[in-house]
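Participant: Please find one structure pasted underneath; my questions will follow.
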Amino acid sequence: MRILKLLELVVKVSLFTIALSSVLLAFLIFRATDAKVEIIRGDHPEVYDDSAENEVPTAASIQRKAILETLTNLMLESQTPGTRQIREGESIIPIFAESNTQKTISVSDLPNNCLNASSLKCEIKGVSTYNVYYQVENNGVIYSCVSDSAEGLEKCDNSLNLPKRFSKVPVIPITKLDNKRHFSVGTKFFISESLTQDNYPITYNSYPTNGTVSLQTVKLSGDCKITKSNFANPYTVSITSPEKIMGYLIKKPGENVEHKVISFSGSASITFTEEMLDGEHNLLCGDKSAKIPKTNKRVRDCIIKYSKSIYKQTAGINFSWIRLILIALLIYFPIRWLVNKTTKPLFLWYDLIGLITYPILLLINCLWKYFPFKCSNCGNLCIITHECTKICICNKSKASKEHSSECPILSKETDHGYNKHKWTSMEWFHLIVNTKLSFSLLKFVTEILIGLIILSQMPMSMAQTTQCLSGCFYVPGCPFLVTSKFEKCPEKDQCYCNVKEDKIIESIFGTNIVIEGPNDCIENQNCAAHPSIDNLIKCRLGCEYLDLFRNKPLYNGFSDYTGSSLGLTSVGLYEAKRLRNGIIDSYNRTDKISGMIAGDSLNKNETSIPENILPRQSLIFDSVVDGKYRYMIEQSLLGGGGTIFMLNDKTSETAKKFVIYIKSVGIHYEVSEKYTTAPIQSTHTDFYSTCTGNCDTCRKNQALTGFQDFCITPTSYWGCEEAWCFAINEGATCGFCRNIYDMDKSYRIYSVLKSTIVADVCISGILGGQCSKITEEVPYENALFQADIQADLHNDGITIGELIAHGPDSHIYSGNIANLNDPVKMFGHPQLTHDGVPIFTKKTLEGDDMSWDCAAIGKKSITIKTCGYDTYRFRSGLEQISDIPVSFKDFSSFFLEKAFSLGKLKIVVDLPSDLFKVAPKRPSITSTSLNCNGCLLCGQGLSCILEFFSDLTFSTAISIDACSLSTYQLAVKKGSNKYNITMFCSANPDKKKMTLYPEGNPDISVEVLVNNVIVEEPENIIDQNDEYAHEEQQYNSDSSAWGFWDYIKSPFNFIASYFGSFFDTIRVILLIAFIFLVIYFCSILTTICKGYVKNESYKSRSKIEDDDDSEIKAPMLMKDTMTRRRPPMDFSHLV
């Protein structure tokens, strides 16, 4: 009976279990389950699939609508198995309930999991200078988040390097590699909003959107004005900004200043240190950039303090040398006297110093007898006098040669008494320390220490809103109309603006004020605008701006930012503010805005020719051709070189100056852009799991994206089941992965098409001032001279067809680089567009690219090892071509400067012979024009173009009041003349007259009126009123070591000018020969003088007496008197 009841119970339990399992299995067949995502990044292995069907040549060609899915607990409860669908970029998500009515909610109304990171599982994926990228998991779903605040993220994984707060200084991305080394102030995560196939849901701060995340290099942004410059000690600059917060810093190109940006509000004063005045640093403040001029602080301080005395200026400037001379004199006289007088009272000091330096003293004393120029019995150094002092090395009272045998140090006897003691004994210590040699050394050390103490105490130097009519406004960043009392964005409109065809009506809510005005809107704006604020934006800003307002909202309006320094339009300003909000809408527009540079930090002084360091040469003409003097000039093709030629003729009165300066020499490369590559900073993964079915079943809910997709099947079998899923050998997990690229470290890959040697040559002097590009392919030619390059073979490591990389440091690299669409395992993957969109990657991931795991009962997990190709780590194998940074021109060419000679520059100058003749009459100058553009009292000066017609060929001097000129002499030819002249003026030369003096003759002078002067005072540090800058420059020019060296060689210019390109070499040879000749004659003169003094010849001469007394007095005056050569004269015949 008991057995039957037991069997009955077993059958009932079995039937109940089967029924329950069937119900659960039937329920789970129609219900999908979500899985947890796990992401691992690092130096992971790549597995390449060379099959054609696994490669995506162009990702941009695969267009797909945006997927906008924000999964919440509400949706998971109410969503049916068929509701995971593809949306067409909509921001409204339908929620299907049991009723027939459809409910819609906004994405922004859904719960924000990113803001609840402290209570959810989260992981920090990347930390930039200005924000953080992290991922949050909720109910098995991973959410990507970017935040400008670190609040609430302390408990997240990998939060050790998370700062307590991020800087709020406004920044925008830098997309041009050439500008990164100049303006980079760190990195920031940006969201690229797009409708391409590679987007995914992201939340920036509290604003959900769709797009991709990338890490970009950033620069400062904002309105900043340099209001004052005081380049006298202290060297300060005052800056102001109308924005609530602004950033500035001092940056040297290429320097890492990621965490050195200083924020300020209102105004700030910057004091430059001496290191910042080296001419290599720039001041970056918002949109503005200013080059800090090279200033010798020591020279400038002395010039300012002693501006009325050149002698005091010289003493102050060279005080660093004078103070050393003063210390040397102090050591040699009073300090030495003091040390000699206190040797006995300070015996403990000398014993202490001797104890510290005992090994050195022992070594010197023992090796003293092997030293040259020494006195063996005294131990003193004898170079000049060759005389020994009276004190012996072993402290004998008098010096004697016998002392050498008695002194243990100099003695050669082996059985000396001191040999019984060790070198470390007290006997040897007293002997060594008290020798004359040791004692002199200890006193010298004491003198140096006292001198250093005195030296340390000596001074180092001697010396936009949009208005309806009156009180109703649109403020960027606020979607409602506000009044003039606007403080923060309200929840609804505070006023009303009605734009009609012929008038505009404005009314302020809560008041009885209604204002009417004429319709003065922007014309030809054809777009629909229904709400009041849309009508106002269309009226004042246009349809393009309205489209941005509707589709690209501003989360932070930055109402104080105007973008005036960059000259931004209303649309450009809106886009710049979007960039400040961390959103990139268009790469091309971002590249345009970030490429705008306000200031002179990238400018170079194009007209500056360092004449003070250039050698001078008298130029002799080679021949006369068609009435012209032909000069053949040949110079080494080396950047920074040049020569000042002085042209002269017997018939001319003054020499003509002709300057050739080779500004730079290098190779111009034409290239073809291939792609951009960058490291993978992190990875975003999304996948979906089904209990039954296969990949096709899974893809109905998780559609293919076109690249980097994956699917694993089967995923349901014994030992690998989720709760309430009992399927066997069924199920699938499908999804996709997307990379977050670090564009801050991106490289652009180019293919070399052509290389040409190019020289930038500047000509100044009688031909005016001009700089020209001369290539090895086409000679340069104008009316007066021809230039040609004779190039040597150059091997710079770059060949035609080779792939090169342009790095974020603006340097060029070569090596093993993968070609476009080539999956070879070399540097060059991932392959991207400029804005970080993949253009070649894997279509589907293979099993080796990821790992899949599950539990007996639980959710499945996937680990992504490699999301596409990644070989960026092979960049260490690249070789840097040059130490000089390069700039690309329209991504099609660049110039690589060389620091060595690339050949010869040959110039043929044909000057009319009339230039060397005195003008017979006053020349007729007609059709004159002199137009200038530039700044006053600045380093750039006024760039002027002088044009006129002349009836004569002549040479003329030029001058103008209150201005100094880049050249003071011009070669005028008959007919049309045009010259480029730079003028540095202290006052506006407009409507003044420039005077021409033919052959320097004021009697036949001609005046040319200055027609037009456009003064553009740039707002930077260099172009401020600085009355001492010219004095400093003049002093530096006059005191240049190169200028002094050239002055010494100048007497030999005439002879050396006959040797052409060997001009400078011949001058050095002649100078050395002259020095040896002078030394030879001086040695002869010295020998004669020594003999004269030694023989006392000055005592052998006396006043010549009468002939009658000479015989008597001669023996008393001279020794060895010579006999007379003729007898005395006989006068007897006269008697």
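Heads up, the Cβ atoms here are built off N, Cα and C, so glycines get one too.
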Participant: Looking at 44-62, 177-195, 1013-1031, 1032-1050, which one is region 'Non-covalent dimerization' according to Swiss-Prot?
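Facilitator: In Swiss-Prot, the region 'Non-covalent dimerization' feature sits at 177-195.
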Participant: According to Swiss-Prot, N-linked glycosylation site sits on which of N340, N588, N1095?
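Facilitator: Going through N340, N588, N1095 one by one, Swiss-Prot annotates N588 as N-linked glycosylation site.
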Participant: Report which of N116, N395 appears in Swiss-Prot with the annotation N-linked glycosylation site.
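Facilitator: Checking Swiss-Prot against N116, N395, the N-linked glycosylation site entry points to N116.
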Participant: Mind checking which of C156, C224, C285 has the disulfide with C122 in Swiss-Prot?
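Facilitator: Within the candidate set C156, C224, C285, Swiss-Prot assigns the bond with C122 to C156.
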Participant: When you measure from the Cβ of C145 (disulfide bond), how many other Cβ atoms are you left with inside 10 Å?
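Facilitator: For C145 (disulfide bond), the 10 Å Cβ neighbour count is 25.
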Participant: Within 10 Å of each Cβ, count the other Cβ atoms, then let me know which of the disulfide-bonded residues C122, C224 comes out lowest.
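Facilitator: Among the disulfide-bonded residues C122, C224, the sparsest Cβ neighbourhood within 10 Å belongs to C122.
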Participant: Using Cβ atoms only, which residues of the same chain lie under 8 Å from N116 (N-linked glycosylation site) while being at least 6 residues apart in sequence?
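Facilitator: Those within reach of N116 (N-linked glycosylation site), by Cβ under 8 Å and sequence separation of 6 or more, are V136, N138.
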Participant: Roughly how many angstrom lie between the C-alpha atoms of C122 (disulfide bond) and C224 (disulfide bond)?
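Facilitator: The separation of the Cα atoms works out to 39 Å.
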Participant: Which value does the mean pLDDT take for the topological domain 'Cytoplasmic' (367-484) in this predicted structure?
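Facilitator: Computed over the topological domain 'Cytoplasmic' (367-484), the mean pLDDT is 67 on the 0 to 100 scale.
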Participant: Counting only residues 6+ away in sequence within the same chain, which have a CB under 8 Å from the CB of N980 (N-linked glycosylation site)?
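Facilitator: In sequence order, G768, G769, Q770, S943, C944, I945 meet the Cβ cut-off.
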Participant: What parts of the chain pack near the region 'Non-covalent dimerization' (177-195), using Cβ distances under 8 Å and only residues at least 6 beyond its ends?
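Facilitator: Contacts of the region 'Non-covalent dimerization' (177-195) (Cβ under 8 Å, skipping residues fewer than 6 from its ends): 65-66, 89, 126, 128-133, 146, 171, 202, 204, 209-220, 247, 249, 251, 253-254, 257-259, 261, 282, 284, 289, 552, 579, 582-585, 587, 594-595, 597, 601-602, 740, 742, 744, 746, 748, 806-810, 835-836, 885-888.
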Participant: In whole Å, how far is C156 (disulfide bond) from C114 (disulfide bond) when you measure between their Cα atoms?
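Facilitator: On Cα coordinates alone, these residues lie 12 Å apart.
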Participant: Whole-number answer please: how many Å between the C-alpha atoms of C285 (disulfide bond) and C156 (disulfide bond)?
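Facilitator: About 35 Å separate the Cα atoms of these two residues.
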Participant: By a 10 A CB contact count over all chains shown, which of the glycosylation sites listed here is most packed: N210, N588?
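Facilitator: Ranked by Cβ atoms within 10 Å, first place goes to N210.
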